[in-house]
Amino acid sequence: MAYMSGFGNEFSSEDPRCPGALPEGQNSPQVCPYGLYAEQLSGSAFTCPRPANKRSWLYRILPSVKHKPFIAAPCGDLTENWNEVEPDPNQLRWLPFSIPTPTKKKVDFATGLHTICGAGDAKSRNGIGVHIYTCNASMVDMCFNNSDGDFLIVPQQGEILITTEFGKMLVEPNEICVIQQGMRFSVDVFGATRGYILEVYGAHFELPDLGPIGGNGLANPRDFQCPVAWYEDRHVAAGYTIINKYQGKLFACQQDFSPFNVVAWHGNYTPYKYNLTNFMVINLAFYFPLQPPAWPALELPLLFALGNCMSEFMGLIKGHYEAKEEGFQPGGASLHSIMTPHGPDVDCFEKNSRAELKPERVAEGTMAFMFESSFSMAVTKWGLQTCQTLDKNYYQCWEDLCSHFDPSWKRNA
């Protein structure tokens, strides 16, 4: 599958079946090539400074405004109601979220969305939501559009084929993708599928400054991939459904054609994906061919506990998380809320307190992630009760921590 490389670039793409589909010298000519409709999709205010201005021009067979009126649709476990249950400041951990069995019930991406926690308000464009998706069927003659914010999607089990107005992306576990606000997309799956979603209401994702790290490192812009133009000119007599997430609720409308009819496009407001294997936590040096082969050396084990001013939602894509090797499983999650103490469990602490201090490979074959936020996130009823995967014994992993205090201790000379 072909992609273009870069983060926030000015891209341009046209389906090779229609060469010259992009207008020359102007965005909206009196008559577009091939008789297409010109349509602008904006991810920022029209008049914001050029470095922050996000928009793309799409040239499509029929305009997106051609649809029947939206009507309210069932929301299932997707919610923005942060007050449906009482707050819970405890350390929370979930066992792997269950995936519905296809012989019992077919569930696609849109109906398999479950909100686990979040804060803020989509109406005021300030806040976040964390969702789990579990599904076993592809979306058929249906697409999803998020008018509230951006989706950062983290597949954990099963690859997903995402068709967007900009083209197609195949996203596998250990990759992430971002579908920005207002972009229509459909998800095909190939069996039991599970993953995590971070939704942000008020801003778009940016790459952080590198500071003292230098000019390279972390996520390099060239490793991000954007789809190339692809279209289908398909009439859907039975009706094509557009699901729209708007002000925290779901709405649906009908039209008689596929929305993936964009023959060409250009701009800097696009969906994109990124392979987490390319992430470098320090800088580019570890990509250089060194003799002998280099590996980041862990000389001092991480043994501290902490409580901080952030909410930390973690998920495990694969492998074993060193701080809690037993209970934190792939497909599960944890939430450590603002100022709630947390840290390595007793087994991790005792083992590493006695370990020989020498360089060692850590977290090999493991990929964990964290959604960290200054918002004080509330957990939903689904997260605390309905999902039935909350580990109510999580607190016990710290119960056997004992005092090592020795008042006669002396520093070695």
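Every residue, even glycine, has its Cβ placed from backbone N, Cα and C.
Listed in TrEMBL for this protein:
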BINDING   E312, H342  Fe cation binding site
BINDING   Y321, H342  homogentisate binding site
DOMAIN    2-276  domain 'Homogentisate 1,2-dioxygenase N-terminal'
DOMAIN    307-405  domain 'Homogentisate 1,2-dioxygenase C-terminal'
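On the structure: features taken from TrEMBL.
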residue: E312; record: Fe cation binding site; Cβ neighbours (10 Å): 18
residue: Y321; record: homogentisate binding site; Cβ neighbours (10 Å): 21
residue: H342; record: Fe cation binding site; Cβ neighbours (10 Å): 20
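For the pair formed by E312 (Fe cation binding site) and Y321 (homogentisate binding site), distance between Cα atoms is given as 15 Å, rounded to the nearest Å.
Distance between Cα atoms for Y321 (homogentisate binding site) and H342 (Fe cation binding site): 14 Å, as a whole number.
Taking DSSP states H, G and I as helix and E and B as strand, the domain 'Homogentisate 1,2-dioxygenase C-terminal' (307-405) has 23 helix, 23 strand, 53 coil. Model confidence over the domain 'Homogentisate 1,2-dioxygenase N-terminal' (2-276) is summarised by a mean pLDDT of 96.
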